[in-house]
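Reading through the structure tokens given below for one structure.
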Amino acid sequence: MQTATALEDSANAPSPAASSQGQFDREIVPIDTADAGNSTKRSPLKVALIMVALCCAVFLHALDNTIITTALPTITAAFDLDAAYTWIGSTYLLAVAASTMVWAKISDVFGRKPIILSANLCFFTGSLIAALSANFAMLIAARAIQGIGGAGVNVLANICVGDLFSQRKRGLYYGVIGGVWAVALSLGPVVGGSLTESISWRWCFYINLPLCAVVFVIIILLLDVKTPKTPFGKGIAAIDWVGAALSIGSTLMILLALSLGGQTEPWNSATVICLVVFGFIGWILCFSWEASLAKYPLLPVSIFKQIPTLAVLAACFIQSYAFVASAYYLPLYFQAVLGATPILSGVYLLPTAVSISISSTATGVYMRKTGQYLTPIYIGFVLQTLGYGLFIDLGPTANWAKIIVFQIIGGLGVGFNFQAPMVALQAFISPRELAMATSAYNFMRNVSGAISVVIGQTVFQNEMSKHQESLATILGPQLAAKLAGTGASASTDLIRSLPSPQRDVVHGVFANSMKSMWIMYTAFSAAALVVCPFLGKMVLREDHTETVTGLAAENAAREERLRQEKEKKDAKIRKCQVN
């Protein structure tokens, strides 16, 4: 038997933010397992190959987030849909958010490599079913399967980087992954539109099949991580299925409420209210279960007990909230106001994608050289707030100098915080909690994005409603009604078909309505500057022991957690006896 070490928080360790060296006091807990081992020395070539494998996997998932956006009108016509077409995108995002944390915990038990391969296979299966869909229900089911697989691929790529590299080094690799993500998101509409126009919308899904196969082979050959020999039955029994059911069910209820509210159901409808209420009750039950009853918790409750980690999650929420706004509403501006085609709107978004890639990678280099993360986080939120504030000045006519410069400023800000908060979060936790904390971070990012789209759309629709009388006078009641409510953001083709005088009026109304939305996003982004002082200052560690996965490691972590809880209770009893 080999002996490895897992670094666990000492029960009486001081706050990391208060430590002069910015590091935890750690206690070494022996883990006896044949699968354990110390960090492997890898050559630069080996590291590069590992990153190629992970980046390919992330690229595929990110591309699928946006590749269908330009194919939606064609898919809508093929299946004779109405407002239900929005579920083609929503189903994918719901599945991603709901399944992220479960994938992370399964990988703690069975190891990273077999689980990321399973996630890739799940994504492949969903893509194949989507490409062959004979009806709308089949397509929606396929998108759910795709989302589940995509969630696993994305979160496990981030977890693998945390497993393999020290805090000091991993910032660079996270920065590279962030850059790949931004480029893929921008290319999605262009690739999807080109495939739809030249071949068929089904190729938006067929294209995933050879790419998935290549990624599968690359991961098998290049991803060098240790895999425990966990018996399948015992491993399945060790998963916290109660916590998984509570977290998935609660998340789905809340996100379904956000998807339905203001779209197919009024916000004050019984359906929406019940989904929200029972969703929050479910999360309260989930936290209670994870904190006191779960044998192998799905959620690291400890991160919600420290101010710095709570601040990091808040920063993550704000960054994702703003990023989704640019990814979702800038294309709407390009199409509805400037009259761009969906493909061109993807091209016009390139300044945002390129600037995010540059600042995300630069942040990783900075963290690797200095061991600090606070400076890029502060700079990022300042630039992000400035950039989104400048978006308020975008008018009904194209001013390309403004459009490009404003995107660069906002994109740089978003990129500085694309991965830095995740590194900050990992600096405050024990290595055994890395997978759970990383999944919680990704979960927060996904939920924030969903909320951002809904709130942004609500603000925009409310502003559009204020102009209905003037639009009805110019366009007539029927055309004006198509630009009201939920139809506003889905009417870009209608706007392009209008005669020039009427089209100019509509462009002005859309531009003015979007100003209020950008004001909201600017104010929300500025709130991050209030959160930043609570992040805590840590020096990123250079030493590293690779995370050990498997049942033996899970049992050791549980025993250590129970020991710490007992010591805290004993300390309280002694304090009461003294008093």
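Cβ coordinates are placed from backbone N, Cα and C, and glycine is handled just like the others.
Taken from Swiss-Prot, the feature region 'Disordered' covers 1-23.
For 10-20, the entry in Swiss-Prot reads compositional bias 'Low complexity'.
Under the heading N-linked glycosylation site, Swiss-Prot lists N38, citing sequence analysis as support.
According to Swiss-Prot, the feature transmembrane segment maps to 83-103 (among others), an assignment based on sequence analysis.
Summarising the annotation, Swiss-Prot assigns transmembrane segment to 121-141 (among others) and lists sequence analysis as the type of evidence.
According to Swiss-Prot, the transmembrane segment annotation covers 145-165 (among others).
Annotation source Swiss-Prot lists transmembrane segment at 171-191 (among others), citing sequence analysis.
Residues or ranges marked as transmembrane segment by Swiss-Prot: 203-223 (among others). Outside the transmembrane segment (203-223) by six or more residues, the chain places 49-50, 52-54, 56-57, 60, 64, 67-68, 71, 112-113, 116-117, 120-121, 123-124, 127-128, 130-131, 142, 160, 191-192, 195-196 with a CB less than 8 A from a CB of the stretch.
Under the heading transmembrane segment, Swiss-Prot lists 236-256 (among others).
Panel annotation: around the transmembrane segment (269-289), residues 242-243, 246-247, 249-254, 256-257, 260-261, 299, 301, 304 of the same chain, lying at least six beyond its termini, place a Cβ under 8 Å from a Cβ of the stretch. The feature transmembrane segment is assigned by Swiss-Prot to 269-289 (among others), with sequence analysis given as support.
The transmembrane segment annotation in Swiss-Prot covers 298-318 (among others).
Under the heading transmembrane segment, Swiss-Prot lists 374-394 (among others).
Panel annotation: around the transmembrane segment (403-423), residues 158, 167, 170-171, 174-175, 177-179, 181-182, 312, 315-316, 319, 322-323, 326, 330, 348-349, 351-360, 362-364, 367, 373, 376-377, 379-388, 390-391, 393-394, 438, 441, 540 of the same chain, lying at least six beyond its termini, place a Cβ under 8 Å from a Cβ of the stretch. Marked as transmembrane segment by Swiss-Prot: 403-423 (among others).
The transmembrane segment annotation in Swiss-Prot covers 438-460 (among others), and the record cites sequence analysis as its basis.
Sequence-distant contacts of the transmembrane segment (516-536) (same chain, at least 6 residues past either end, Cβ-Cβ under 8 Å): 15-17, 307-308, 310-312, 314-315, 318-319, 321-322, 325, 329, 374, 377-378, 381-382, 384-385, 388-389, 391-392, 394, 424, 428, 455-456, 459-460, 462-463. The feature transmembrane segment is assigned by Swiss-Prot to 516-536 (among others), with sequence analysis given as support.
Taking residue pairs at least 6 apart in sequence, the transmembrane segment (83-103) and the transmembrane segment (438-460) share three or more C-beta contacts under 8 angstroms. Sequence-distant residue pairs (6 or more apart) of the transmembrane segment (83-103) and the transmembrane segment (236-256) include at least 3 whose Cβ atoms are under 8 Å, placing the two stretches in contact.
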